């Protein structure tokens, strides 16, 4: 039984930032599947999408998810689209607590839209982001816990996750 905390959610929801803080607070390791893909291929996500396309990226991402699924006491930040693959969902759920970091489209665009490393946000209007987020929401709904990140500092979100998972965390010790 792995016993990890898996953070899922749309781009700009705070998975990486919150994940690092939460891992530090818990004394756990932090794993980021996007970073793992970048390290494996030696390219940033944006270039992987541009050169090879999203389908290729998702295949390599699936390998990264399979690797993190065997971790123990780690906080895992997934790419925003990792949950589009049923195999990933199965691996991420098994023995772990999955937390959906929810974000409004406007907030996602403000947090991540200016970052040119986000290929699916490039050149998008707020209504496009809202439509993409709506299409993805059903894929995030399997999470054990939903946390709204709008208007909150990352440290407050990390504390909220710890509090929501308090009994589960105590059961691991």
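Cβ from N, Cα, C; glycine included.
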Which of these, 32, 34, 150, does Swiss-Prot list as part of the substrate site with 58, 80, 136?
34
Among the binding-site residues 15, 58, 136, which residue has the largest number of other Cβ atoms within 10 Å of its own Cβ?
15
For the binding-site residues 13, 16, 17, which one has its C-beta crowded by the most other C-beta atoms within 10 angstroms?
13
Return one of helix, strand or coil for residue 80 (substrate binding site), based on DSSP.
coil
If I take the alpha carbons of residue 136 (substrate binding site) and residue 13 (ATP binding site), what is the distance between them in whole Å?
13
